[in-house]
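Visitor: Shown below is the structure under consideration.
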Amino acid sequence: MSSFSTHNFVAIATFVCWFCCLATAAPLTSKAAYLLKRNSLIEEDASRKLGAKIVLTNEEKVLDDFILAEKRKLIDDSRLNQTEYMPAASFYRSKDFIDTTFAYKIIQDMPKGGALHLHDLAIASLDWVVKNATYRDNVYMCMDKDNDVNLRVLQLIPPDPFCVWKLVATERANSGDVEAFDDWLKKNISYLSTDPVTQYATVDSVWVRFNKYFAQVIGLLFYAPIMRDYYRQALEEFRADNVQYIELRSQLFGFFELDGTVHDAEFGLNLYKSVTEEFQREYPDFIGAKIILSGLRFKSQEEILNEVKIAMDLHKKYPDFFLGYDLVGQEDPNFSLLHYLDALLYPSIQNPPYRLPYFFHAAETNWQETEVDYNLADALLLNTTRVGHGFALIKHPRFTELAKENGVAVEVNPISNQILGLVRDVRNHALVPLIADDYPIVISSDDPGAWEASPLSHDFYVALMDLCGRDTALTFLKQLALNSIRYSAMSDTEKVAAKAKWTTQWDKFVKTSVEGLKPHINDRS
């Protein structure tokens, strides 16, 4: 091409680009054209949110309309009248309100798929712990210096001048009012006996109380016969809440017998396995449960390496039930994933390399550019299957891109995040932008027993009312249920079977719900 023609080409191309930019930026000539452009922009934005690809059936649309009617009224009443929006308030205050709503009742009835982020000592209700577990033989209690009750199963009473052990049965009988005693005991253990949002000024002070809960119950619930029944009760409660599948993080080590025998991790895994299999035989509609070994992030590097080796052995021996390894506990004051790097790399440096799945808690924090939120970098580089909490993920655009590219879902636990001090008003949850852009998200409940939440329905309700917009309801809820199967650690074959079971229950739920709404449909028509 000649120099002259090259210059002409460049000039023409420049003019075309300038003209196109001018046309794009030019003011719209009419209000109608402006509104058309505005609607198009809003629709394009909405098309990217979680659940936007779901196409509802006619029956589902009926149900969606009823949920949206209540949701919009609550939002509009609060926004226009400047009154408190209760679904986003402290769970301590909002729980009773939530329980009265139409949307919550629908969510309770709705098959929600799986709960993928749960911990072993807070999965069944405190009502069961108090009314069943503390009524067993050899259950003792003592009051510590803070007047908190500690519970243990004991054969021999240890001398302890700071916490004198007394038989619970005797204390209950001597109280003169069994119901009042049990109510007092439950309130003493429950994290919801006060409002954590106003009671605790910092995240650290919240965690002091949270860790106290585990100290109060571990000596009771780790007694092997009680743990067996406690886990069975948890499965009953999750199934009653229309949850079909769970993935449970458990320490596995330390279940004990009355004679002082302390069991290893394989015993703990087999306890869960036998109860799960028995439960599935009794309830074939229940998809199942699987276990993740959780180490504590204040342990030594040598202890974590030993746990990783045990996790490898369990994964080889029980590949269909044992999923992998995680590190749990408050991230801010404890060791980072990088601190344990040699231990966590151990499986990959074997010959041949062994792929031990990881399910790391990472960035459960409000801080930025610290070793805590940089746990995300290590979690992703160590090929974590999912990220627990991931509260600070949105602050790291490259981490966010990498996680989405690799299909690494975030396990969001909205009530837990509020109760543990990360967000007061759940509408301001850090991960709302990811939900608005259809990032891989699952909703779980973390430790529902500790704060008297339902197994999963309360968290689904809070997610519906606070984490997505005014015009979003059943598409969002349905996508969350589907995500819980898609991003579970089940095999591909298991996922196909799980989705089939879930679909059967979903279709039945929609039909039954719409049938129940028919009188109200007629009233509205």
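Using the three backbone atoms N, Cα and C, a Cβ is placed for every residue, glycine included.
Model, not experiment: these values are computed from the prediction.
Feature annotation from Swiss-Prot assigns signal peptide to 1-25. According to Swiss-Prot, the N-linked glycosylation site annotation covers Asn81, Asn132, Asn188, Asn334, on the basis of sequence analysis. Taken from Swiss-Prot, the feature Zn(2+) binding site applies to His117, His119, His361, Asp446, supported by similarity to another entry. Feature annotation from Swiss-Prot assigns substrate binding site to Asp120, Trp207, Val208, Arg209, Phe210, Asn211, Lys212, Tyr213, Phe214, Gly329, Asp447. Here Swiss-Prot flags Cys142-Cys163 as disulfide bond. What Swiss-Prot records for Glu364 is active site, proton donor. If you look up Swiss-Prot, you'll see His389 marked as active site, proton acceptor, on the strength of similarity to another entry.
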Visitor: Excluding His117, His119, His361, Asp446 themselves, which residues in that chain have a Cβ inside 8 Å of the centre of the Cβ atoms defining the Zn(2+) site?
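Guide: Apart from the listed residues, the neighbours are Leu118, Arg249, Val328, Gly388, His389, Glu411, Asn413, Ser416, Ser444, Asp447.
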Visitor: Can you give the largest Cα to Cα distance in Å, as a whole number, for the residues Asp120, Trp207, Val208, Arg209, Phe210, Asn211, Lys212, Tyr213, Phe214, Gly329, Asp447 that bind substrate in the record?
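Guide: Binding-site diameter by Cα atoms for substrate: 19 Å.
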Visitor: Helix, strand or coil for His117 (Zn(2+) binding site)? Use DSSP.
Guide: strand
Visitor: Per residue, counting other C-beta atoms within 10 angstroms of the C-beta, which of the recorded positions His117, His119, Lys212, His389 reaches the highest number?
Guide: His117
Visitor: Where among the recorded positions Cys142, Cys163, Val208 do you find the Cβ with the fewest other Cβ atoms within 10 Å?
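Guide: Sparsest of the recorded positions Cys142, Cys163, Val208 by Cβ contacts within 10 Å: Val208.
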Visitor: Please report the Cα separation of Asp120 (substrate binding site) and Asp446 (Zn(2+) binding site) in Å, rounded to an integer.
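Guide: So the alpha carbons of Asp120 (substrate binding site) and Asp446 (Zn(2+) binding site) sit roughly 10 Å from each other.
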Visitor: Including all protein chains displayed, how many Cβ atoms other than that of His361 (Zn(2+) binding site) lie within 10 Å of its Cβ?
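Guide: Total other Cβ atoms inside 10 Å, all chains included: 24.
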Visitor: Between the Cα atoms of His389 (active site, proton acceptor) and Glu364 (active site, proton donor), find the distance and write it as a whole number of Å.
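Guide: Here the two Cα atoms are 6 Å apart.
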Visitor: Can you tell me whether DSSP puts Glu364 (active site, proton donor) in helix, strand or coil?
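Guide: It is coil.
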Visitor: For Asn132 (N-linked glycosylation site), which residues of its chain lie six or more apart in sequence with Cβ-Cβ distance below 8 Å?
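Guide: Result: Asp229, Gln233.
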Visitor: Between C-alpha atoms, which of these recorded positions comes nearest to Cys163 (disulfide bond): His117, His119, Glu364?
Guide: His119
Visitor: DSSP three-state call for Asp446 (Zn(2+) binding site): helix, strand or coil?
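Guide: The residue in question, Asp446 (Zn(2+) binding site), is strand (DSSP, three-state).
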Visitor: Cα of Phe210 (substrate binding site) to Cα of Glu364 (active site, proton donor): how many Å, rounded?
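Guide: Here the two Cα atoms are 15 Å apart.
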Visitor: Same chain only, sequence gap of 6 or more: which residues have a CB within under 8 Å of the CB of Asp446 (Zn(2+) binding site)?
Guide: His117, Leu118, His119, Ala122, Asn413, Ile415, Ser416
